[in-house]
Amino acid sequence: MNIKRNKPNILITGTPGTGKTSLAGVIASNNEMNHIDISSAVKEKELHDGWDSEFQCYILDEDKVCDEFEDVMVKGGNVVDHHGCEWFPERWFDLVIVLRTDIKILNDRLEKRNYNQHKITNNLDCEIMQVILDEARNSYKQEIVVELPSTTLEDNENNQNFISQWIQNWYEKNN
C-alpha cells in the first residue's frame with residue numbers, strides 16, 4: 001500500500017545514549033512536525049507487557065505500539081525515536097537515521113544515566129557490533145537508511161542541518 005502524505009515520517013534510531021530523543025525533539029520543533037518518543041509512550045500509554053528487572057525497562061508490546069500510532073503515522077509529519085527499529089511497519093518511514101557514537105563517550109553518557117553495569121555493557125556491545133545499523137539496513141530500503149555520527153556538538157548540529165535539508169528536499173519532490 002503506497003500512501004501519499006503531505007509531510008514525511010522520520011525514524012531516528014540508535015543505541016541508547018546516542019542522542020536520539022534530543023535530535024528528534026529539535027527536528028520536530030524546527031520543522032513543525034510531531035515528536036513521538038516511543039519509550040515514553042510505552043510507559044505513559046501502558047503499551048508494554050510488564051517490567052524487565054534485569055535491564056530496568058518496560059517490555060515493549062510491539063502490536064500495541066503499532067496499533068496506537070498507525071493513524072498518526074498514516075497522516076505523516078512525525079519524527080519517531082526509539083532504540084529498536086526492525087518491528088515498525090516499513091511503510092511508516094521515508095527516512096531512517098541511525099545515530100552512532102564513539103564507545104568511550106557512549107559509556108560516559110550511559111554511566112551518567114545511572115544504568116547498571118550489565119545494561120551498559122549490553123548497550124556498548126550493541127554499538128560495537130552495529131546491531132541497530134544492521135537491523136535498519138535489513139528492515140528498510142537501503143536508500144532511506146542513513147548512518148550519522150553523534151559524538152560531538154558539531155555532529156549534532158550537522159545532523160540537524162542534514163535532516164532539515166532532507167525534509168526540504170522531500171517537500172520539493174512530493175508537494
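In case you wondered, yes, glycine gets a Cβ from its N, Cα and C as well.
The shown structure was predicted, so the numbers you read here are calculated from the model rather than taken from an experiment.
For SER22 (ATP binding site), the Cβ neighbour count at a 10 Å cut-off comes to 14, with all displayed protein chains included. SER22 (ATP binding site) falls within a helical segment according to DSSP. Among the features that Swiss-Prot reports, ATP binding site is placed at GLY17, GLY19, LYS20, THR21, SER22, ARG113.
The region 'NMPbind' annotation in Swiss-Prot covers 37-60. Sorting each residue of the region 'NMPbind' (37-60) by its DSSP state yields 7 helix, 10 strand, 7 coil.
When the region 'LID' (112-122) is classified with DSSP, helix, strand and coil residues number 7 helix, 0 strand, 4 coil. According to Swiss-Prot, the region 'LID' annotation covers 112-122.
Each of the binding-site residues GLY17, GLY19 was scored by how many other Cβ atoms lie within 10 Å of its Cβ, and the smallest score goes to GLY19.
Long-range contacts of the region 'NMPbind' (37-60) within the same chain, counting only residues at least 6 positions beyond its ends with a Cβ under 8 Å from a Cβ of the stretch, are 21, 24, 68-69, 80-84, 115-116, 118-119, 122. The most densely surrounded of the binding-site residues LYS20, ARG113 is LYS20 (count of other Cβ atoms within 10 A of its Cβ). The average pLDDT for the region 'LID' (112-122) in the predicted structure is 96. Taking every pair among GLY17, GLY19, LYS20, THR21, SER22, ARG113, the residues listed as contacting ATP, the largest Cα to Cα separation comes to 15 Å.
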